Amino acid sequence: MARLELRPRLQHPAAWWLWGLGLATAASRTTNPVLLLLVVGVCVVVVAERHDPATVNPLPAFLVIGAVIVVFRIVMTALLGNGFVGQTVVVTLPSVPLPDWAASVRIGGTVTLESLLYAAYDALRLAAVLACLGAANALASPRRLLRYLPATLYDVGTAVVVGLTFAPQLLTDARDVRAARTLRGRDGRGVREMARLTVPVLETAFERSLGLAASMESRGYGRSVRSTTTSRRAATGLALAGLVGVLAGLYGLLDSSAGGVLGLPVLVLGALLAGSSLVVGASRDPRSGHRRDRWTWTATTTVLAGAVPAAVLVIASAGGWPGVVPSQQAQLPEVPLLAVLAVLVSATPAWFTPRPREVAP
Amino acid sequence: MMTGRRVIPLRWPAAVAVGVVGIVGLVAFTWPFFVTADVARDHGNDAPWLFAVLLGLLAVVCLAEVTAGRLDAKTIAVLGVAAAAGGGLRLLSAGTAGLEPMFFVVIVAGRVLGPGVGFVSGALAVTTGALLTGGVGPWLPFQMICAGGIGLGAGLLPVRAGSRVERWALAAYALVTGLVFGLFMNLWFWPFLGTGAPTGMGFVPGAPLQDNLAHYGLFYLATSLGWDLPRGVLNAVLVLVAGPALLRVFRRGARRAAFGVPVVFAPAPGRDAAPHREPAEPHDEPPVVPLHDAEHPR
Amino acid sequence: MITFEHVSVQYADAPAPSLHDVTLEIPEGELVLVVGPTGSGKSTLLRTINGLVPHFSGGTLTGRVAVDGLDTAEHRPRDLATVVGLVEQNPSSTFVTDVVEDEVAYGMETMGLDSTTIRRRVEETLDLFGLTPLRARSLRTLSGGQQQRVAIAALFAAGPRVLVLDEPTSALDPVAAEEVLASLHRIVHDLGVTVVLAEHRLERVVHHADRVVLVEEGRVSELLDPAEAMLRSHIYPPVVGLSRLVGWSPTPLSIRDARRKASSLREALGASAPRPVADLRVIGPADAVDLTGVRVSRGGRVVLDGVDLTVARGSVTTLMGRNGAGKSTLLGAVAAQHRLSGGRVRVGAAGIDPHGRSARERVRTVGLVPQQPELLLYAESVAAECAAADDDFGAPSGTARALLERISGGVDPSVHPRDLSEGQRLELALAVILAGSPEVLLLDEPTRGLDYGAKKRLGEVLTGLAAQGTTVLLATHDVELAAEVADRVVILADGEIVTDGPAREVLASSPAFAPQVTKVLLPQTWLTVAEVAGALARIA
């Protein structure tokens, strides 16, 4: 019997994030409720099958937020209407008269099925995108991605890691300080009391941070990041050139009179230049690293499984396939079969990827 | 105050980078008001995503420029505390619909440790909060830029440290930034709503600036002010009540970290060599590997 | 291996140097113990070894420190990481990652070692420190002793030839401390690593040391033989105290050596029965604390299970037991810090239910000094803290300040509470709580990080309070303190009371909780050096 002491073998986090982004792209291209619900369903199934039980699962929170968005949008549409005028009147609410300066706004009045459906579909699209992001968060904790930051961001990444380690301790301290406050006869309620609590909590955090800094320093922190004056100057130059390129590209893109054709290429070039400054600025010894995640065939296949629905739906929306943007009729919208199949493909990683192993608590 | 307003000095390339990213950020938020109808119709759906990717990249480049070679273990640890405090508050307030007391910490950090640290700790506090709650998404770059800007601005406020005015100025700053943050964050998805927005509050491509501004104003009043006002007020009240104490805690923390305290090695008395003084921010060329701060000016 | 040549250290804003003209040569492969009271410059001495002083702390270092031939003036701490490892006092604050294995690998990753080397050394180190079963555990779920072992392992993995440890066992219970010391013993004896160690709890470490260095007010002795050093030192463990009293030579450092010499002392004492040094206290009726069937669950786990306990007015009772046995929770239940899931608590002569009262009313009857006294402290100076305490408890102004004067030997009122030594911080927290003049005083693990001087003062304060009728209930690992002050000892295990009786009876009969003097003189049941001294004086 194997002891429960081994590290779980997890799939490369980037694979899950690329998969999630692919699915999110697919969802953002359609307002068909059947397809969108299918996307949400895929997220739920994959997370249920491959979520690492040792970590918190953020997907339910994302689903709740999505549901709230849908309800909120429907209620707002019923009360305030939207730019979509329909024929099928569901109910007529009492109308509130408004002063002249707000004449373009209406409150109450007739509520049509079409405008409600429009709002619901649109909100559902946002909810589905949220579900994809929630699934990515749940399948590969983004803090695992911090290991893959370029060397230029190594320091910043470490600060985030430190922050992530400190934050739960801070909350524990806050609870303890609040309990200690009652030992001095205070109940710890009210803004002033809350403000009082922050002082010992932060004092403790600073003391801890100094201990940590000393320990990092004496453990050789920062020895393996190599950068020279030349490389740093080159990085600064690239970054500034890239930023200027991005600005110029944006201007070209948004102001069509200034030659919109050149806008996008310049923008992309600028972004590439700026991005390359991250790589040029410093380098780390590439051999160093303990137990990096390995990129396996399942990782590649997972990314592909996410890319399939993205590709199909981008083509579908560009080609104007029926049912991708459904009409707001009181009937089930037409469902493009190929799109359904493509979304279903993205559910396959739930079975062929490695299952995270249980870890002893 | 002996402590480092220069814990992370903003050199000119970094300042330019922050400036440019600020402009791109401003464009990312306000473009619907300036573009022609065609552009808006063609890109209304893609623009928020494009800007999310673009700003994500630029925010990271900007962070790299501001911090390049300037973070030692102490600065990282202090930034870690600020990020943890911000992120932790975010975790606490996750249930309270955007009542983010996080800005309060960012403002204090920027105030005490200078605009450079303010920017970085703002961006990192948002990131930490997102990583803690598993809330990484396209909104993150926008929030990073906004929170970073708030910290940067707090560091640049022209008030004398420790004066009576400081407290009120910071409270006012917290109130205003709380409101402005909401004003901008909503702009990110407002054009995206298109015809989905409530009647008379939607984005009309190509309409005159004042029309769209008026629509947006109404939209903001109807949907967002209810959250942003309490947030601004909460942050302002927190600054008023806890600000002075917290400023002192941060200043004490910075003092104890001994930023900028000189490091001196002297030979034992009786020998003749002159004392060997080191710059506070290290150091000399180490023999083992070339280091990223090796070329620091003496 | 480590050379100090005329080293003095002065911090930037300090009025006086922290180290004076230290010249010392520590040879390879020795375990050197640094002995000195709080604030004597021990930590500064340790931190000069890898250059944290002055590279990290700022300040001026005169003279020269070299490790393995490398001068700290020319090498920063990070460059010395492969030569010197420094373990800080509180391991949990030095962790960068959150999993045991990652933490052990972290140092080597930052140094840029290649991944196969890292992998091999991680496995070797995990085995060496017995951490393999814990490798995938989150660091926050480990016990204090396990955390300390991980901290040492994480430094050791990078392969330094010198390990420097600042009070590695001060905050640990005896069992955990033994685990840590066994690991250290192993790397010194099997692998020839040089270890420099500072520790307050000499009774735990002095018999492991090859050499001892005494530090007092920034002045450092040469390398001494441990037995000789213990004759000169101002602070020493009880077994050395006994030896000094009787005049044994050479000074025994372990219980075993002392027992070999103790037969004549046992004979001399044979006739007289042990008697407490202090006069017997007036102990009142058993109504100060009354627990009936108390059950407490925390995080879904039953921590206290049906505890019945009554404590007499004006007595001192010590709660002992392993970490996690429920000692702190019991105190928390009495002070209404934890909700009861069953049973009842009555406190004070009036039989008040602390759970049914507001915090303001409760503090008049029961006061608790928590494990981390700094959690109680908010103000920016000792004086302001005392004033705030008077205000909190509605006491006449100056009460807390007067109490502090009485408890401590003078604390500068303008100092920030966080800058006090641990002993002074505890005294301040105690003064704050006593400003409410509670009938029952609870202390949770008060001797953490206290040196012998501070511990002795605490013992006197508690004895004095009990003499005035305050009931004292304290949870501690410190058997010597228990031997000093307790009337009664209650031992908890797994949330239940397993032993309850007069201090002498319980302490003398328990192998784990017997004080050093008792262990030396068994089967006689003497608890402290002072008792033996009193008996010898009577015989003479």
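Including glycine, each Cβ sits where the backbone N, Cα and C put it.
A quick note: this is a predicted structure, and the numbers were derived from the prediction, not measured.
Database features, via TrEMBL:
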type	residues	note
TRANSMEM	A:16-47	transmembrane segment
TRANSMEM	A:59-80	transmembrane segment
TRANSMEM	A:234-254	transmembrane segment
TRANSMEM	A:260-283	transmembrane segment
TRANSMEM	A:295-315	transmembrane segment
TRANSMEM	A:335-352	transmembrane segment
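The transmembrane segment (A:295-315) makes contact with the transmembrane segment (A:335-352), as judged by at least three Cβ pairs under 8 Å among residues 6 or more apart in sequence.
Under 8 Å from some Cβ of the transmembrane segment (A:260-283) lie the Cβ atoms of residues 150-154, 225-227, 231-232, 234-239, 241-254, all in the same chain and six or more residues away from its ends. When the stretches A:16-47, A:59-80, A:234-254 are ranked by Cβ pairs under 8 Å to the transmembrane segment (A:335-352), first place goes to A:16-47.
Sequence-distant neighbours of the transmembrane segment (A:16-47) (same chain, 6+ residues past either end, Cβ-Cβ under 8 Å): 57, 59, 63, 66, 120-122, 124-125, 127-129, 131-136, 138-140, 142, 145, 302-303, 305-310, 312-314, 316-317, 323-326, 332-333, 335-336, 339-340, 342-344, 346-347, 349-350. Among residues of the same chain six or more beyond the transmembrane segment (A:59-80), those with a C-beta under 8 A of the stretch's C-beta atoms are 40, 43-44, 47, 51, 93, 105-108, 111, 115-116, 118-120, 122-124, 126-128, 130-131, 133-135, 137-138.
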